[in-house]
Ligand SMILES: Cc1cc2nc3c(=O)[nH]c(=O)nc-3n(C[C@H](O)[C@H](O)[C@H](O)COP(=O)(O)OP(=O)(O)OC[C@H]3O[C@@H](n4cnc5c(N)ncnc54)[C@H](O)[C@@H]3O)c2cc1C
């Protein structure tokens, strides 16, 4: 459903509705088993959209949130956040438009404001993995496998302006996207995916929240990376395995979003002390991979100061540094592990 500025009887004008780029909704309803973008390959049930995210496509934030500009009966331009997700939701922000006009030296006329147009049917390259390859992936990743173009676009993008505008404008033809997106559910499935990719000569790119602004989840061009590319969405690995309040330690899976982790830890009366602005969507694994920094770093440190140990799935097994003798290829970390300082060798966290 595409929403453009519409004047209603109450003079409400939607200026920044996160839903408006969600152009696949109608398509999904009417043509559920077909690719949305011409050029995508249709492979039966594998085409179904498995990303049930509430996140907007082509905009930062949730589908049910967004700023709305209303003109009230007295002609005042009042901005409010729609939905009820945030404390600010529904509250009239009557001074925002004058503030923006003043600061940015622009005039905001809602009745003349138009949203950028976008191409409803952008074409992206065909998935290069054969049906038998897709079936192998599907057997491993119990969370789902998708060659649906919207999933592939999102997983080959981040949240930079270039990402958002290329999705909105449909100017995706020159970009390469993952051939497939998979959703493993646990570490064993990740290990199996890595082994399969090594055997089939496929390239894997992990995907956390996709909030990077550095093109970190962009697929390298064919000349640099000729192998087919699979995006491994980590968000189903989102469990808090244990919390040891006494020692201030927690063992958490890498795909958990910051928002979910914060609310889980809140139940124990503890905080992780890491609050990047992207906290609602970015994930623990993404923070570690990008060496993220949060607004409370002066007190708690950056992510590399907060993380005590990581388990890394590689082709030759699982790497871990301080797992207290829990056995090769185990990701189990002993609750009572003292996490002593690293005295010799390379610190695995720094390698990541
Ligand atoms: C509005 C906004 C605010 C932001 N605020 C901050 C901020 O305050 N501080 C800050 O540091 N950054 C910030 N960022 C940038 C971004 O949120 C961080 O870089 C974040 O750490 C990325 O995490 P992610 O889960 O979204 O990772 P993704 O974007 O999904 O991936 C980033 C990289 O990490 C890799 N990766 C992801 N998960 C894993 C995994 N499990 N294992 C191995 N590799 C993995 C990916 O392959 C990719 O290379 C912001 C971005 C936005 C859009």
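For all residues, glycine too, the Cβ spot is worked out from N, Cα and C.
Annotation source TrEMBL lists domain 'FAD-binding PCMH-type' at 174-352. If you look up TrEMBL, you'll see 277, 278, 279, 280, 281, 282, 283, 290, 291, 292, 293 marked as FAD binding site.
Across the domain 'FAD-binding PCMH-type' (174-352), the model assigns an average pLDDT of 88. In the vicinity of ligand 1, defined as a Cβ distance under 6 Å, the following of the binding-site residues 279, 291, 293 are placed: 293. Other Cβ atoms within 10 Å of the Cβ of residue 277 (FAD binding site), summed over all protein chains shown, number 10. The FAD-binding residues named in the record, 277, 278, 279, 280, 281, 282, 283, 290, 291, 292, 293, extend over a maximum Cα to Cα distance of 17 Å.
The Cβ neighbour count for residue 279 (FAD binding site), using a 10 Å radius over every protein chain in view, is 21. Long-range Cβ contacts of residue 283 (FAD binding site) within its own chain (separation 6+, distance under 8 Å): 208, 209, 234, 235, 254, 255, 256, 257, 258. According to its DSSP assignment, residue 283 (FAD binding site) is in a strand. Listed binding-site residues: 281, 291, 293. The one with the lowest count of other Cβ atoms within 10 Å of its Cβ is 291.
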